[in-house]
Every structure is written in structure tokens, then in C-alpha cells.
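Record features (TrEMBL):
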TRANSMEM  A:7-27  transmembrane segment
TRANSMEM  A:33-53  transmembrane segment
TRANSMEM  A:65-84  transmembrane segment
TRANSMEM  A:90-118  transmembrane segment
TRANSMEM  A:139-158  transmembrane segment
TRANSMEM  A:192-212  transmembrane segment
TRANSMEM  A:224-249  transmembrane segment
TRANSMEM  A:255-276  transmembrane segment
Amino acid sequence: MTLLAQYALTGVVTGCFLILATIGFSLTRQVEGFLNIAHAEMLGVSAFITWGLNAGAGWPIIPSAVVAIVATALIGLFIGRVVYDPIRKLGPAVVLISSVGVAYVIAGLMHAIIGTGIRTLDIPLATTYKFFGLRITNYQMIVVGLAALTGISLALFLNRTKTGLAIRAMSANPELAASRGIDVRQTSRATWLLSSGLAGLAGVMLALIATLSTDIAFHQILQILAVAILAGLGSLYSVIVAGLIVGIAMDVSVFWIPAGYRPLIAFSVVIIALLVRPEGLSMKRRS
Amino acid sequence: MNTVFQIGLTVLMFGSLFSVLTLSLNLQYARGGMINFGTVAYFAAGAYAYAIVTQEPPHGLDQYLVGLDMPWWVGFIAAGIAAMAFAILTGWPTLRLRGEYLALTTFAFAEMLNSLLVNERGIGNGTVGLANVERPDANILGLSENIVYALAAFALMLATAYAFRRLLASPYGRAVDAIRDDEVAAQAIGKDIARLRFQVFVISSIPIGFAGALYAMITTLVNPDLFSAEVTFFVWIALVLGGERTLLGVVIGTMALVGFQEVIRAIPFESVRAAEIAASAEDIVTGILFIVILRWQPFSALARRRQAA
């Protein structure tokens, strides 16, 4: 029983990471209207900038992470303006396939610069804490804490600030938002910064809790897609629920099924969910 | 001269082989409006079906459970049936999903199949795969094996292109086009959209299965690594490169992409690092090509100009 609870707890950590990784993806999906396959590569970009500054240049972890997140946000904005903006009118399928091209370019660049092999950050080893017989490391707690913090601040941002409201208006109905005087281009830029910055944050988390290799991003996109489909198109709150469901389902499944099937569980959940409810958890339809 | 001939032959062989996939994808996407991001699954189903049917029964260290030891043509037919069966299995529940949802679900199914092949050693020795896959003896024709298989791939491509062309020129093909152009109108004149889409999906997966069998014959090896999502992306890039909707464009796009990769692979490298950088450069150039072609669409612009003239 304790073992099962332990798996569930690990699942919560995985879920929190997935939430961080998926929120930016969902935001892009809602405001820009397409699935950004290259989003996962942005996690890799941020993770490797952190690694380069921390393990390579010998910086402490926190400034490295901050620089990595800001840099990733700017790179995301740059890619958004140069690649995606001009082709948005060609429809979501074209942009989706273009983002595969972007993913290829980023992955190729990372491969060329960093090379293969496994990397770790230059940080103290994780300390394990025990609560009621359940183990959790300090880095895992950071992931959970940051996911909660991000969720709350994002909710405040989207509900209280002008830019946040503009982003929500854009995601609900772009034409109406534009006709009501919302600066579409500026809002789109803010979204790119925000979603890439979130990818950057998730990338730093990834560097903290996992060993890094250049093909890491590809494994993340599968899970991000799973969470995003499960959450559907509606609110960002459904991403939180979906992230936790997928995370817990994947880790708890290890209790009964061989661990090799862990990624498969994510998709089984999604396929079942799609068949039962094709519009995702949030039940909202896009017009 | 010899290397050029070898590269040319490889391009013809793999170019034709992957053209079969691109042609099928073209039918699904450009005609049927379905985004199939799990193309590799049907390819893998065909290759594994062929390998399992023709493989000798397991012995020694083998972990696979079934090896039927049948002649190659039985395996070839089985490959088509396996791909079709997998298409029925995956298409039936998912085809009511739209656009990107369909893309993601098919992608998910492909990943699931890959995961099954890795984890269930009883199917094909897990990650090790099945080696020494049987293939028909090419020497009967008095030509070298590579030439025979290149010709076989070319023939399969021609047959696929011909079959699809006939299909699309028929009233059935016009019904398919009608659905793509306007679903409501097609429904209004009594076309069963869901059923037609399902049929197109299943029919177009059969040649992919055949291509899988041929691929297994050429490489004489099947393992899960050969059938990763990269194959799907590769085929999609080829489709975009060639410009959708024309069969010739699709084939030329695939050939160009295979040729590009083969040329890069033929460059000798002094160190592992140089080879690594070249491999990354291949990815980067592929990606940039992808973005540029989608943005400016030179091929469809060309087609439009020709129509106007």
C-alpha cells in the first residue's frame, strides 16, 4: 500500500512537471491556433542553456536558470515572429507541419553544438525527505512548488492584468477581439514570450530532476501532446487536471505493468478520453 | 563512377519505396483530408507481418513466439493484410475526430505499436528485432540483388500510383474529392462521409504494408528502431517538398529527399564528431527546407502559373 502511495506521489511530481511543460503549449494552441511541435525543443534549449552556464561556465544555478528562461522566451518570440507569423493565414495544418521543421532545426543545432552523451547539472545531490513513509527529494518539492506558484500567478495574470485579459479574449475569439480594439500583434508577441518563458521554466525543472541528453525533447513532446489533448481546448485549469491525471496514471501503472509501458499509458488515457469525449476534458468547442 | 551508380541505385530503391508511403499519405491528406501522423505504424505492421510469416520457428536464444516459415509471397500478402487490419483497428474509432486531433491520435497509435514491439518480446525479440529475414532469391534473374530490389520497389511504386490514379479518376474518386471540398454539400447529395473517409484510410494503408514487406526484404532486419516516428516525419517532409495533390510531385519530392540524405551519407568523415555534425546539419537543412517550402510554396505557385497560362 505504501508502495502504491509512493508511486502516486511520484506521479504527482511528474504531473506537476507536465503541467509546467504543457501550459505554454496550450497557451500557444489557444491564442495562435496551432499545435507547436517545437515547444518541447524549447524545453531542451532552456535546459541546455542552464547546463552550459552552470556546469560549463561555473555560474550558480539560480542566475543560470533565470538567464536560460529569459533567453528561451526571447528565442521563442523570435521564432514566432520570423517563422509562424507569415504563414498563420495558410491554416493550422501548414503551421503544424512547419513547427516540425522548426523542431528539426532546433534539435539539429543542439546536436551540433552539444553532441551526444548524458549531461548533469553541477548542483548538490538531491536530499530525500520522508513523510509518513513516503519519500520525496528536495528537487521534486521545488517542481511541485513552482508548478503551484506558476498556476496561481498565471491565473492572476490572465484574470487581472490588461495583457492577460487580451490574451484570453484572443483565445476565445480572435476576430471579435480584434474588432473590439485589442492589439492583436502585441498580444501575440506577449503570448510568445509567455509560452516560451514557461517552456524555459519547464526546461530548467527538467534539468533539475532528470539527466540531460539532446534527444530528451522528443520524449517530452509525446507526453505534452497527451496532456494537451486530454485537457482539450478550453481553459488552462483543465491542463492542471489533465497533467495530474496523466502523471499519476503513468507512474501508478508501474505498480501493475512493466515500466517500459509508462509512455504508452499516457496515450491510452488520451485515446480512451478522446473516444468518450472528443472535445477533451473542458468540453468547450471551438467555433 | 561506381559510387555515383551505387548512390543512384540506392536513391531509386529507397526513393521508390518511400514514394509508396508518400503516395498513400497524399491520398489520405490531399484527397481525404485526413492528417495521418502515424504512417510508420502501418509500415511497421507490414514489415513485422512479413518477417513473422516467413521466419523459421524460434530456437535457441530467440524470444519470439511465432515463426511460420512460409514462402515469401505469403508473407508479402500477409503484410498488406496486416497493414489493412491495423488501419481498420485504428481508423474505426478515430476517424470521426477532426484535423489535428486525428493527427495526434494516429501519432499516439504509432507510438503504442512501437512500444508494444519493444516490450513484448514474443512478437519480434523486442529491441533486438528479427534478423536474417527471408527474401526471394534474386539471382534467378541473373542480376545483382540491389538492382532487383530497386526494380521491385520501382514496380511497387508504379503499381500503387496506377491503382490510386484509377481509383481517383473513377466516380468513387470524385465523391472523395467532393467531401474534401465541401463536406456539407457532399452529405446533402447523399454521400456517407464517415464511411468514405474510412474506406480511403483503409485502402491507402494496404500499399504501405506492401512497402513494409519490401523494406524488410531489403534490410533483412526488422527492429523497433527502424520504425520510429522519424519515418512519419520523413514522409511528411517528402509530401510537403513535392507539393501535395500531384502524383508526380509526390514521387519527385520523395526521391529528392532520399537523394539529399544519401549524398550527405556518402561523404567520408575523418572523425566521429565530424559525422555527428554532418548528421545535425542534415536535420537543420531538412528543417529549413521544410519551413521555406511551406512559407513560399514554390511548387503550387508554379502549378498555378501553368494553369493560368
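Every residue gets a Cβ built from N, Cα and C, even glycine.
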Between the transmembrane segment (A:192-212) and the transmembrane segment (A:224-249), are there at least three Cβ pairs closer than 8 Å, leaving out pairs fewer than 6 positions apart? no
Positions whose Cβ lies under 8 angstroms from the transmembrane segment (A:90-118), at least six residues beyond its ends: 32-42, 44-45, 48, 79, 83-84, 211-215, 217-218, 221
For the transmembrane segment (A:33-53), could you work out the same-chain residues 6 or more beyond its ends whose Cβ comes under 8 Å from its Cβ atoms? 21, 24-25, 59, 61, 63-65, 67-69, 71-72, 75-76, 79, 84, 88, 92, 95-96, 99-100, 102-103, 106-107, 110, 114, 119, 121, 174, 195-196, 199-204, 206-207, 212, 214, 216-218, 220-221, 224-225, 228
Between the stretches A:7-27, A:139-158, A:255-276, which one has more Cβ pairs under 8 Å with the transmembrane segment (A:224-249) than any other? A:7-27
Cβ pairs under 8 Å between the transmembrane segment (A:139-158) and the transmembrane segment (A:7-27), at least three: yes
For the transmembrane segment (A:255-276), what are the same-chain contacts with Cβ under 8 Å, counting residues 6+ beyond its ends? 3-4, 7, 219, 222-223, 226-227, 229-230, 245-246, 249
